[in-house]
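Enquirer: From TrEMBL, here are the annotated features:
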- 2-509: domain 'K+ potassium transporter integral membrane' (DOMAIN)
- 522-760: domain 'K+ potassium transporter C-terminal' (DOMAIN)
- 39-60: transmembrane segment (TRANSMEM)
- 143-164: transmembrane segment (TRANSMEM)
- 184-201: transmembrane segment (TRANSMEM)
- 208-232: transmembrane segment (TRANSMEM)
- 257-277: transmembrane segment (TRANSMEM)
- 289-312: transmembrane segment (TRANSMEM)
- 332-359: transmembrane segment (TRANSMEM)
- 380-404: transmembrane segment (TRANSMEM)
- 416-435: transmembrane segment (TRANSMEM)
- 442-464: transmembrane segment (TRANSMEM)
- 470-490: transmembrane segment (TRANSMEM)
Amino acid sequence: MLAYQSLGVVYGDLSTSPLYVYKSTFADDIEHSESNDEIYGVLSFVFWTLTLVPLLKYVLIVLRADDNGEGGTFALYSLLVRHARVGFIPNGQVADEELLAYNKKDDHLGLLNGDPSAPTGGAMTAPWMRRLLEKHQISQRMLLVLALLGTCMVIGDGVLTPAISVFSAVSGLELSMSKEHHKYVEVPVACLILVCLFALQQYGTHRLGFLFAPIVVIWLMCISVIGAYNIFYWNPHVYQALSPYYMYKFLKKTRRGGWMSLGGVLLCITGSEAMYADLGHFSQSSIKIAFTFVVYPSLLLAYMGQAAYISQHHVIQNNYRIGFYVSVPERLRWPVLAIAILAAVVGSQSVITGTFSIIKQCTALGCFPRVKIVHTSSKIGGQVYIPEINWILMLLCLAVTIGFRDTKHLGNAQGLAVIIVMLVTTCLMSLVIVLCWHKNIFLAICFVVFFGTIEVLFFSASLIKFLEGAWVPIALSFVLMTVMCIWHYGTRKKYEFDVQNKVPINWLLSLGPALGFVRVRGIGLIHTELISGIPAIFSHFVTNLPAFHQVLVFLCIKSVPVPHVLPEERFLVGRVGPKEYRSYRVIVRYGYHDIHKDELEFEKDLVSSIAEFIQSAGHEQNGYVEATENGDEKMMVVSAGFRFHEERAVEPVEAPGPSNSKAMHSSPIPPKKRVRFVLPRSPKLEKSTREELQDLMEAREAGMAFILGHSYMRAKSGSSLIKRLVINFGYEFLRRNCRGPMYAVSIPHASTLEVGMIYNV
């Protein structure tokens, strides 16, 4: 069932590539002749490219490198972060490494199905490479830039794939109308379909998901049957082209033109990266079964059938540029056109969803400005919708469609984006083989040399067409990379300022149990990025307003480089100061694929975790994990298992005076209801513990106030011009125009206090 479902989500883009591969390959670069050498050569390249890259590289090797079931560029990067300690998350802790997902080892990892933790020939080289990455910051930055480059190209693919898929599907109209009418119909129809596609994103993939797999299955059946018919009817000997000899013969005869045409051949593997990126929605075996037994044979039949037809119809090369629809029997063209458009929409949908998912990962790990993330499915956490990104993608997609109006230029642009993502995967994968799988470095070198040579060949053929459309993904990635680097740099500088200006706990201890202020009822929740010490916003606030709540909670919400954090491992709780201060630190940890809870549920779990910590503070040995942070606080992993009993008390309402008796009779005043929290009756609770829990219960009953920091970043005087531009203009512009922090979105304004501070970094 998973293999069947994966057809509609994973393979939509890959299965629609026959629409434009031959048309892009034979566009202008090859001088056509009456012989079949060029056609056989292209088919041979298509066959071996499909076999070596999607089948050998992804299905047999890369799919094994999952990050606790998740795939994609950031999954590879997070694996390296955990094994080589080269993470860019500044508030990392030793306690994070105790997470179950951090240390989970799957038996299927490794090239040879061995134990990945077992020492092999690579055990001697892994420490050397690990020290190199950990010691030199330049290597860590290069690794981060490599991961961000792959991410930018995936986003660029989200712009180009819908454009070329829909445009190629609609291009079948050229066979049914005159050239004068066709040029006025093709672009408007493609744009209309694209607008509808992006407008429907807000309803979520799951609402139309049951249609996706049948559409792709019908499409694959169509191209398989048509391909088999063309093979047997037009040229049964086309199978000879599967010999690698025809690749050599093709390049020898066509020379530079044949090399440049490889940019079109590259399009036959667009969508291969989706097999790895969408791994979290399915399983390894389901994706392997679907590709090996359904998608791969269908695509081979389709490409062989097209080649068989073209080999017997050389005259059509000048008329219709060898499009897909010329090989379709005339009676079936309109039904196939309708199915092709639906399949193109499905393929575009999967790429757009993947773009949303990877932007969510980047945002969670502090590499992309905060955006609104809407979860469209209550059952599948990976299905998200980002409104701002959706409309930006739509505008860019319409711009390239209207601007190019040609499959050739769109194919050049998409091909370069796809091959750069594959090159990034190859580079990161070679490091995973050594550092994570502990294999011999010789295997990693063989992997990167073999697949890197193939991909560099395609990369050079795509890059040579820079002025013919390939500049689009370069320009898009440059803008995206600039935004992501500025945001990441500003975020790190802000955290470094917080660390340098934090108030030591001794300052809090010197104030005494009363903290030097009037303590009012309720819980004061101070949001901070710090994992230790007192944030500067707290001292700045209490210096100007010497009153605070009876219970203080310093709350840090952070992401860790794992896909998911178990609920029982989410909360890390400790005291700030002595017990009588009623001051706590709570660190809430989320994985980059976790869904953040709503306000009410989060508040309940937060207070319950503190109560659980109070109850278990004297019994750390009972199955709890401890971690000492910087020697000043002891943190404890607790689950939000403690629950207060709720009692709904009805408060009496005073009767109105005699003059208001008629009004009371016509509209009776309902009695007021109030929720009171009562401690569970447990004889095991000590007196001091019960008193502390009672104070927490009363504070929760009184309400919760949120103290947020509102920072303004400024570069220090004497900073370089580039730093002033990045901080004063770039980062501040992004901060003012993006969403607020994730924990401030659903906080009620009536309970919020913002403390403004200027950060001179």
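In case you wondered, yes, glycine gets a Cβ from its N, Cα and C as well.
All TrEMBL annotations are machine predictions without curation.
So where do these features actually land, and what's packed around them?
Expert: Within the chain carrying the transmembrane segment (39-60), a Cβ under 8 angstroms from the stretch's Cβ atoms is held by residues 14, 21-22, 25-26, 238, 240-247, 249-251, 253-254, 258, 261-262, 265-266, 268-269, 272-273, 275-276, 287-288, 291-292, 296, 299-300, 303-304, 307, 310-311, 422, 426, 451, 454-455, all 6 or more beyond its ends.
Nonlocal intrachain contacts for the transmembrane segment (143-164), taken as residues 6+ away from its ends with a CB within less than 8 angstroms of a stretch CB, comprise 13, 20, 72-74, 76-77, 80, 86, 88, 133, 190, 194, 197, 270-271, 273, 277, 347-348, 351-352, 354-355, 358-359, 362, 367, 393, 396-397, 400-401, 404, 407, 410-411, 413-414, 417-418, 420-421, 424-425, 427-428, 431, 472-473, 476-477, 480-481, 484-485, 488.
Beyond its flanks by at least six residues, the transmembrane segment (184-201) meets 162-163, 166-167, 170-171, 173-174, 177, 208, 341, 345, 348-349, 352, 385, 390-391, 393-394, 397-398, 401-402, 405 of its own chain at Cβ-Cβ distances under 8 Å.
Away from its own ends, the transmembrane segment (208-232) comes close to residues 4-5, 7-9, 11-12, 15-16, 18, 200, 238-239, 294-295, 297-299, 301-306, 308-309, 327-329, 332, 336, 339-340, 342-343, 346, 349 of its chain (Cβ-Cβ under 8 Å, at least six residues beyond either end).
Distant neighbours of the transmembrane segment (380-404): 158-160, 162-163, 166-167, 187, 190-191, 194-195, 198, 201-202, 204-206, 280-281, 352-353, 355-357, 359-360, 371-374, 410, 413, 469, 472, 476, 593-595; these residues of the same chain sit at least 6 beyond its ends, with a Cβ under 8 Å from one of its Cβ atoms.
Residues 53, 57, 61-62, 65, 73, 76-77, 79-80, 83-84, 111, 122, 125-126, 129-130, 133, 143, 146-147, 149-150, 153-154, 156-157, 160, 263, 266-267, 269-270, 272-273, 276, 441, 443-445, 447-448, 451-452, 455-456, 458-459, 462-463, 465, 470, 473-474, 477 of the same chain lie 6+ residues outside the transmembrane segment (416-435) yet bring a C-beta within less than 8 angstroms of a C-beta in it.
Sequence-distant contacts of the transmembrane segment (470-490) (same chain, six or more residues past either end, CB-CB distance under 8 Å): 88, 144-145, 148-149, 151-153, 155-157, 159-160, 263, 362, 366-369, 396, 400, 412-417, 420, 462-463, 713, 726-727, 730-731, 734-735.
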Enquirer: Which sequence-distant residues neighbour the transmembrane segment (442-464)? Criterion: at least 6 residues beyond either end, Cβ under 8 Å.
Expert: 49, 52-53, 57, 61, 111, 121-122, 259-263, 265-266, 412, 415-416, 419-420, 422-423, 426-427, 429-431, 433-434, 470
Enquirer: Express the predicted model's confidence over the domain 'K+ potassium transporter C-terminal' (522-760) as a mean pLDDT, rounded to an integer.
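Expert: Across the domain 'K+ potassium transporter C-terminal' (522-760), the average pLDDT comes out at 73.
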